[in-house]
Amino acid sequence: MSRSDTQVMNRGYAPGTTVRTKGKLSLLMKEIWRYRLSYLFIAPFMICFTFFILVPVVCALLLSFTSYNSLEPPRFIGWANFRYMISGDLLFLQYALPNTFKFAVIAGPLGYIASFLLAWLISILPGVWRKWFALAMYSPSLMGGIAMTIVWLPLLSGDRIGYLNSFLLEWGFIKEPVLWVTSKDHLMTSMIVVTLWSSMGIGFLAMLAGILNVNPELYEAGKLDGIKSRLEEIWYITIPSMKPQMLFGAVMAIVGTFKAGGIGTQLSGMNPTPQYSGHLIMNQIDDYGFIRFELGYASALSVFLLLLMYLSNKFCWRLFGSKGDE
Amino acid sequence: MTIPFTRKRFRFRRRSKLFRLSRFEVLITLLLVLLSAFMLLPLVYIFNHAFKPYDELFIYPPTIWARQPSLQNFIELFNITSEQVVPVTRYIFNSLVVAVLSVVVVTLVSALCAYPLSKHKFPGSQLVFATIMLTMLFAPETVTIPRYLVVSHLGIMNTYWGHVLPMVAVPVAVFLMKQFVDQIPDDLLESARMDGAREFTVFLRIVVPVIMPAVATIGIISFQTAWGNVESSTLFMQNEEMKTFPYFVSTLTANMANSVARQGAVAAAALFMFIPNLIIFLVFQSKVIATMAHSGIK
């Protein structure tokens, strides 16, 4: 680009220099043309974004009102899918929905609180140690799915030689081996424990950084203002000054718990899980989408799940959103 | 370590004078040590499991340290596919290609998008950012079915693009990078433009160096996702030659529940899956925490 071109560009970044002679539309077009380079910059992302996120979400919305089996063209059936979901789909109403709620309500907040507490505990240690403790807490997220099969399966195995069972038997806590992952009474508990173990993810790192960046003068000021215990310190100083990071962590926690689906099947080694005790909405979607090929109904289910995520996020926004304060 | 830490370390020193060796801090350290030992146990386990010969793999109670470490498991892992058409090295090669490609593409594309979103107030920028924020709340996994349809219609099934492209648009990545670009003073960019720098030069010479911590973080995250991704292999790849290593590992474990066979290979594969993640995280760890300081949603 020559120098004169650059000057044209420069004018582009000082808005308000155009003469308002033509209509609003042509003005807008001119404005858009002036920022053509900006659009070029965001183009690669926006193209992928449109194809793999926006279009699928819109598609899911549209498909949810149709009956579609991937062979015949989709047939519009109005609200029938949703009506079936809330009145006829017993698997969904009896297992998937309550299980998802139970799982999300326990694993989500607990994992979130644990992340915050651990981040806080790590933050009061000397700087040299922090790195290693942070790594230790984050390591389950690094291991991902592999750890599940190699560590948790032998640990929770239902026979006498499962590590947990044999330990409990030896110490006399239980008389018979407990089927941790293959009975309907314990599968959910095992799922929640394993999820908690791996819940120190990106949100945990964000909160750790947030705590470390709280202005130290605030603590001094707090001490002068009569803050006595560390609990008060957390409540009145730490949390208010890291609200943005708390919100980011919350968003990550919500998305993480709602999109969980494979864990029940992985742990129990059965699909569907024993008596549907670990059946989550995601399993129901996969079930309808990839086994029964009722793509329309599966889409309706995913729209419902998206709505759930959105509402819980809105709820957290209420809690942590910074409007006006600070 | 990076700038945010120095202040904090100072604070600790000041504080520790006040509560020198307070019982509280000792207690916390002990608690954390215990907890991290618990969290790290699987890690130690994975390492040793991979080197245990078969007669040690099934010893009860399990030994934490391998008594006679051997490479037998790794040899088994590489020999499993000896009579199949697709050798295990092909899966590993695919995984490497996919992981490297997606790290490069994701970081570049997100940085390119974050810069104008933060610094150019072009018409529609508000709308674009709002949409990205909104989709950050959604998991793309929930809309697998339409995604499958899109991929099949684009004709990128059974190609490396089928692995990479669906993962390119990461709203969180753009969000984190934008938070970083926001830190750059406008005057700096303006003066560079005055000196005749083109927008692309400004981007490469000023913006990218400043947001390097964010680039590193996004790089780690996208590497982790791509390296462990099984979904794209199961859904978008029918051709066995195009599937990735984690998919191969998952086929090994699929019939593991009631058999002893291949346990050793699985243990070796698990270590193999984990090592790259660990190395990359350790190398860029301080950058990650520096990035996360800007992760707040306001």
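Cβ coordinates come from backbone N, Cα and C, glycine included.
Pulled from TrEMBL:
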| type | residues | note |
| --- | --- | --- |
| DOMAIN | A:97-316 | domain 'ABC transmembrane type-1' |
| TRANSMEM | A:37-64 | transmembrane segment |
| TRANSMEM | A:103-125 | transmembrane segment |
| TRANSMEM | A:132-155 | transmembrane segment |
| TRANSMEM | A:187-214 | transmembrane segment |
| TRANSMEM | A:247-269 | transmembrane segment |
| TRANSMEM | A:289-311 | transmembrane segment |
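Long-range neighbours of the transmembrane segment (A:289-311) within the same chain, counting only residues 6 or more positions beyond its ends whose Cβ lies under 8 Å from a Cβ of the stretch, are 57, 59-61, 63-70, 74, 77, 81-82, 84-85, 92, 100, 254-255, 258, 281-282. Beyond its flanks by at least six residues, the transmembrane segment (A:103-125) meets 133-134, 137, 188, 191-192, 195-196, 199-201, 203-204, 207-208, 210-212, 234, 238, 246, 249-250, 253-254, 256-258, 260, 280, 312 of its own chain at Cβ-Cβ distances under 8 Å. Away from its own ends, the transmembrane segment (A:37-64) comes close to residues 9, 74, 81-82, 295-296, 299-300, 302-303, 306 of its chain (Cβ-Cβ under 8 Å, at least six residues beyond either end).
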